[in-house]
Every structure is written in C-alpha cells, then in structure tokens.
Amino acid sequence: MKVKVITRNPDEYLRETKKDLHKAPRNYDPNLHPFEAAREYVRALNAVKLERVFAKPFVGNLDGHRDGVSCLGKHPTKLSILLSGAYDGEVRVWDIPQQICLRHFVAHDGIVRGISYNPNSTNFFTIGDDKTIKTWYADIPNNASEEEPLNTILSKTVITGISHHQTKPIFATCGEICQIWEETRSEPIHTYQWGVDSLHDISFNPVQQNLLSTCASDRSIILYDIRNTGPVRKVILKLRTNRLAWNPMEPFIFTCANEDYNLYTFDTRNLKKPVNIHVDHVSAVIDVDYSPTGREFVSGSYDKSIRIFEAGKGHSRDIYHTKRMQRVTCILWSLDNKYIVNGSDEMNIRIWKARASEKLGTLKPREKTALNYNSALKEKYATHPQVKRISRHRQVPKHIYNAQNELRTIKQKLKKKEGNRRAHSKKGKVPFVPERQKHVVKQDV
Amino acid sequence: MTKTVRYFAAESEPQNTEKEEFVGVKKKRLKHNADNKQHIHKKKNHNQRHVSKKIPNPNPKYPGRAPVSKELLEKHTRGDGIQKSGVKTKFHQKKVEYKDLNVKYANQLAARVEVLLTEESGILEADIGETTTQYTQKDIVKNVDITAASKHFELQLRDFGPYRINYTRNGRHLALGGKLGHVATFDWVTKKLHFEINVMESVHDITWLHIETMLAVAQKDWVYIYDNQGIELHCLKMLNKVTRMQFLPYHFLLATGNDDGYLSWLDVSIGQIVVQYNSKLGRINMMTQNPYNAILCVGGSKGVVSMWSPNTREPVAKMLCHKTAMSSLHIDPKGVDCCTKSARRPYLRHRLNNSIANLSFCPFEDILGIGSEKGFTSLLAPGAGEPNFDAYEANPFQTKSQRKEAEVKALLEKEHAKVVKTVRHQIVNINDKTNKNDVTKEKSILDRFLPKQKKR
C-alpha cells in the first residue's frame, strides 16, 4: 500500500519575522477562483467610481491682481515661478508651491499684452498697449522701489504679442506687422508683412526653431521662416483664430483656438484641411497650450470653463470649472506635465491638477501597484456600458449644459436642412462636404 | 476531488505543428465568414504563416521554450477567447486580434506557472491483488506521518446529537451544531476551542459566514448569528423555521430553506432579505450550493434535484435523479458534477457505529468530516483535497490582520445577487453569440449587474 496525505509545514507558509512580508502562495487554477470575471468587473467598476470620487482638480488660486489677468508666462527652468500680467499694466511674479506673490510692479500704461522669459532665464520681456517692449531682471531687486526696466524699446507700431526664440537671443512681436528683434538692439532685425495689418498672436515653434506663426484679424494663420524667406504660408479659416500652440513633440503640428467654439489641429505640410477638429466648448476658445509631452493640450474658453483634450481625439477628456471663475483669458500647462494654470477675467489665477484624480506627492510602492492595477482594469473594461457612463459623466454648470443642448439642436437643424435641400435639388448640386473641409476657406503659398 | 497532475510535454516539434494546424483551421473558418475585403487581408496572413513555417530553427540544440501541454492549457482556459467575426473596421479587427493574442498569452502563462506549485496531492494506491476499500483508517493512520495522523480524530458527544458540521472556507475552523442545542466551534488543526454553548433550543443547521468570527445557527424558530466567543450578535426573525442554510461567500448571501418550503436569500452585509419565495417543494431537507455559479440545489422527496437562483421564482433546472427519495446531495468544487447518494465505485470504506447525519470534505486537506448521531469523526481521505491553495482566495494560515484586510477587499468586490446565473464567463463576453443579434439584450445583461439608479 502506498499512501500519502497532504501535510503542510507551517514554516513554509508563515513569515519568519514580523518585519517580513506575509507569504502568499498563488494557484491560478480557475477552479479555485469562482466568479473571477464577475469579481474583476466589480473591481473595475469600483476603480472607475473611485476615480470620479477622487477627482478634485482644483489646487489653489493666486489672488492679488487688481484687474483681469491678461497673460501668463512660464519660467523655462524653474517649475515654481510664474509670471502674470494684468489689464491695468501690473506684472506679478508668483511662487506657485507657496502660493505667494514674490514681486509686483506696474510695467505698462494700459494692458500688459504679453510676457516671456529669455531661454537662460536671466531676463523677461513684457509688452503693453503703450507700444513699449520692456526688459526686466529676473532677480528680485533688494528694494521694491528700485523696480526699473533694464531696457525699454519704443516701437513704431502697436504690439500685441511676444514670443521668444527657444535658444537664441531673439524674440518676435506682432501687432500691425510681425517684427523680429535681437535682445541687444533697439531696432527690429526683420519685419514681415503679408497683406494684413492686425496680428494678435505670435508663437515660435519650440522644435523647428526658425518657424514662427501668427494669427491675424482677417481670420488667417500665417507661417514665417525667420532664416530669410519671411512669410511662407497662410491659411484662412471661416472665423478668427484667437491663439495658437505648437506641439512640442511633433514640430509640424499646431493647434489653434478658434472663435467658432472649436479647436483645429493642423499639419503645416497640408493646410488645406485640419488633421482634427476638437469640439465641446460652447463659446469662443480664447487660449490653448500643449502639455510638454505633446499628447494632450488644454484650452480656456469664453464659456468660463477649461477643457483638456487628448491630441488625437475630437472630444475633451475633462472639463474644469468653478462657480466663481469668469471668462478664461489665458492658460498654460506646467513643464512638469502635472499642473494647469489659468488666468481669468475676475483677477484670479487658478492652479489645477492636469489629471483630476491624481494623488499629489510621492506614492508608496503598494499605492503605485494598486493604481496601476486599477488603471489596467479601467482600460480593460472601458467599453462596458456602466464603466463608460461613469467615467465619461461630468457635472457641468447650467449655462454650459443649456448651451450644449442649444448647439445640438442647431447642428441637427442645419443637418436636416441640408438633407432637405439635397433631396429637392438636382443630383450632385448639394455635395457632401466632409466636416474637416468645411472650416478652411483657402490656403495661400 | 481535485487532483493536481503535472503534465510534462514530451516532444516540442509535434506540439508546434499541432499549433500551426490549429491556427490554420481558425483562419479557414474566419475566411469562410469574411467578405471580399477581408479575404485579401486574410490571404496576406496566410502567406505569412507559410513563410514562418518554412524557416528552420537556426540552432536545433536549443529548441526554445518548452511548449505547454494541451491539457494544461485546457485547464487554465478562461472561456473561448474573443469572438472575432462581426467586427467591421480593419482598425478594430486588429485591435480585437491583438486582444485575443493577449488572452492566449495569459492562458499560456497561467499554465506555465503550474510548475511552481510546491505541494502534491495525496494518494492512496493499492498493492497488486488488493483494493483501496479494504484499507481501514487504522492502516492509513499507521502509514502516514505524525502530523497527518493527528488529523484523524473522533469527538464523542453522546448527549446532544445528531450533529451538523461546517468547515470554514479556508478549512481551518470547524463548527458543530447538535440537534439538541449544543453549538461549538474550534480550530480543528490545533484543537483549540473557540466557544461551546447550549442554545437551549433545537439546532437544525449551522454555517460559517464569510469569516471565522461569525456563525449562523438555524434554531427552533429563527436564525441566530453568533461571534467567535458565542455572543449572540443578531436574531434574524425574518428567517423562521429554517431547516437548511448555505452561505454564498462572493455574494454575501445567506441562503436558507425552511420547514414550509420557502427559500430566502439574506444579504449579510446589509442585513436585508434580497428575495424570499415559496419553492412549493414542502419541507427542505437537502440543500447545497454549486460553488461555481452560486445556484442552490435542493433535493426533493421525489428524487428530483431542482436548482434555484434568487432571480427567478421558478427553478432554473430540474433533474430526476432517483425514483425514490434521496438522502444526500453534494456538488464537486468545480461545480460540474453533482452527486446524489449513489457512489459509482467505492474508494474508501469506514464503518461508524452510529448513524451519519452530515458529511463534509475539509477544503485544502485530505479530510472527510462526519457529523453523526453521537459525535464527530475526522477521517483521512487521501487525494480528497486541493494541495495548493491560493492565499488571495482562502488561506489556511491566515493571520488576523490578513483576515481583516481580506474581509474589506471581499466586501468591496461583493457580487450583486443578480449575477447568480447558470452561464459562466458571461460578463466578459459582451460580444456573445447569443447576444449578437440583439443589441438591447447586451445592454440589459450588463445593466443587471448594477442596481437601478434612483430617480431624482
């Protein structure tokens, strides 16, 4: 007779000391795991609910400005420093983690239109409605009364926007014309013009560093090459573009915030039609900024909300709003990819988390694994109706909710009307135009 | 009676060809279903397959990873994989194919780690000319090691029997309930008594709840819940004259059958009855659960086994098992085989000198517990238990802090009572063949997993 029964040596199953981890033998035999799939589904559902429970994106606000915030500026190397300019000409330097104002002074007569650091962050430039470009020391002076610009350039034309070259001591301004300046000179080294006398935004491409783009009041976006050629291309949309942001990872891609409530992503190689249209805002989009990864961008709108879009997607993945926040005037995505900062009409600067439910601070290894597991579950069950519904649901302010409904009705109406027109016309007379081709009027080369 | 068998693949090459054939067959079927566009696409794949088959192994000395045997893969399979037909765009077809590959890969990995299991199952082999039935407990005990031998014991409890018994899910603790009111629980491995009381009423059934600190006892009128010190925690007056109880651990449901044939499911996490109805079977004497789908099997007096779920008031299935009344009913842990009292071939034999009231295998041990007229007997039954437990499901060596942690986790992933169904893997297969034609049906199936939203 041959006999053996199960005997387990407890030493092999219990931890030796109290500081050890508990031993956890596994056996993946499906018979030992009844309701495996159903339990996993419940876990996924819990994960997606928890994500919504922890979605508290508002970090804090910086108050101190005595008029609406008109522009914001990123520090190229320090994550904690933020610049802001206001409608009353005041400029403030902020310490974000401490949420305090380090320095403030009146820089211009009238609105501060733009702020930009130079790449080695020794100085920053401000421009205002008084047609001046002022250079300031980045270091805080010992005495607040000693706030004097390092250099003041009086321009011949109105200046509305500024953008600094990524590496060289060159910056560009826009206004009546597009001008390229060298930091040490008081006259522009180049001026460019292409049939329009009112440019309101300018931005250097951070990767393809000679490329420059401006938005003009004749609803066009103009691309320049500063090497010698000047204006290169121009695309005219149906409505005005307010602001433009280059993708920091794909130098040929830019996204523009348009007056027609949409954002358009273009490929510079083919401006005939946008690569993607990003809808969801219910009022004019005022500002846009890319995340440093180039995977996402954030937009601020006149509808008092901020939306975050994934670069390739047509709808936003999140919306931020508060009861007190008014029209958003400027927005930026911090260089550590974690925060979003926006300035708005009611004099406040708000700091938000870029991922609403992310836990701030360091994570313990177990927390990390749990979060990774949860995100894997969310991805696996993303298409299940309940999971989808919960993860997509956002509570929006009433005015946005109503506007969304209104816009939907208008869209349906137009669609129906077009259908009717097509049905009662000769074949081919009312052609089907893809949505992406509807918004571009023409492209000039 | 689960048994872990180690399968070792014999040769690697035939295994490979088999795999190739298998893929080929699948492709053919797909091709058959596909339209013209897909046809071209598949043809390309076909060519690729052809090429891959022709490449000889550059170094035949190292044939690569040992293939996993078919039996093992079959054992670790979690459903039929992803249904690929009916996916319209190429983009999503690729996505689905990729997903399917992942599922297969996971299946292979799970099968591979079987090698790492440490324990082996018990065996009892007869010599030539002998049968296993002729070995008595004495013989077995004599031939096993001392720790195993200590697991065979007998408790002589003459006064309050017959006894109902119940092991906890990790097989560590045992509860005894004597007909005449004697209730006792103990750790049967260390033989440490938790509590022993007399409830001064008749006891009809006894069952552990999700952890070993709570115990439900069906007494004369109502069901009582005691803690591990014998303190009465609850008296459930909505469950009266209960004769049989089963605890469904993943749903946190205490299922009971009573004297009048009423079946009730009580959610112990919130203390509310989920559903209660009359099965119209009369007094329920035999009741057990199918551990795989948490469906209750009730043995009737006419030899019929009927299966009940909290979602329908009709039995989900009925089986005529005997022409006469049954006396016992059990379901194997896989939930595939159901056994009423008629053994196919005896494996072991043991004679008790009093009548048997209740039988139960101890989870993860080669032990058969017998509650009888005059006490309790623990018998060695080599090969009865699963040798390798999964600590995240049930752990016989669980510490107090682990137990607390596990309780919270289990409560968080509590299944809704509506998931008690006959079909396995249904939740993952939203693209199920049965649902394919009916889009609304798909939604309704998933909606069932959540309580309806309250209207504001």
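Placed from the backbone N, Cα and C atoms, the Cβ positions cover glycine too.
Taken from TrEMBL, the feature compositional bias 'Basic residues' covers A:415-429. Note: the compositional bias 'Basic residues' (A:415-429) comprises 9 helix, 0 strand, 6 coil (DSSP; helix = H, G, I, strand = E, B).
Secondary structure of the compositional bias 'Basic and acidic residues' (A:435-445), assigned with DSSP and counted as helix (H, G, I), strand (E, B) and coil, comes to 4 helix, 5 strand, 2 coil. Residues or ranges marked as compositional bias 'Basic and acidic residues' by TrEMBL: A:435-445.
Per TrEMBL, the feature domain 'Sof1-like protein' maps to A:354-440.
As annotated by TrEMBL, region 'Disordered' applies to A:415-445. Listed as Cβ neighbours of the region 'Disordered' (A:415-445) (distance under 8 Å, sequence separation of 6 or more from its ends, same chain) are residues 219, 232-238, 258, 260, 262, 264, 271-274, 276-277.
According to DSSP, the secondary structure content of the repeat 'WD' (A:62-96) in residues is 0 helix, 20 strand, 15 coil. Summarising the annotation, TrEMBL assigns repeat 'WD' to A:62-96 (among others).
The repeat 'WD' annotation in TrEMBL covers A:105-136 (among others). Same-chain residues lying 6+ beyond the ends of the repeat 'WD' (A:105-136) with a Cβ under 8 Å from its Cβ atoms: 70-78, 83-91, 144, 147, 149-169, 171, 173, 181, 183.
Across all of the repeat 'WD' (A:278-310), the predicted model scores a mean pLDDT of 96. TrEMBL lists A:278-310 (among others) with the feature repeat 'WD'.
Among residues of the same chain six or more beyond the repeat 'WD' (A:321-362), those with a C-beta under 8 A of the stretch's C-beta atoms are 50-63, 65-72, 74, 76, 79, 82, 84, 86, 94, 96, 99, 286-293, 296-302, 304-306, 308, 371, 396-397, 400. Per TrEMBL, repeat 'WD' is recorded for A:321-362 (among others).
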Tally of DSSP helical, extended and coil residues in the repeat 'WD' (A:321-362): 0 helix, 18 strand, 24 coil
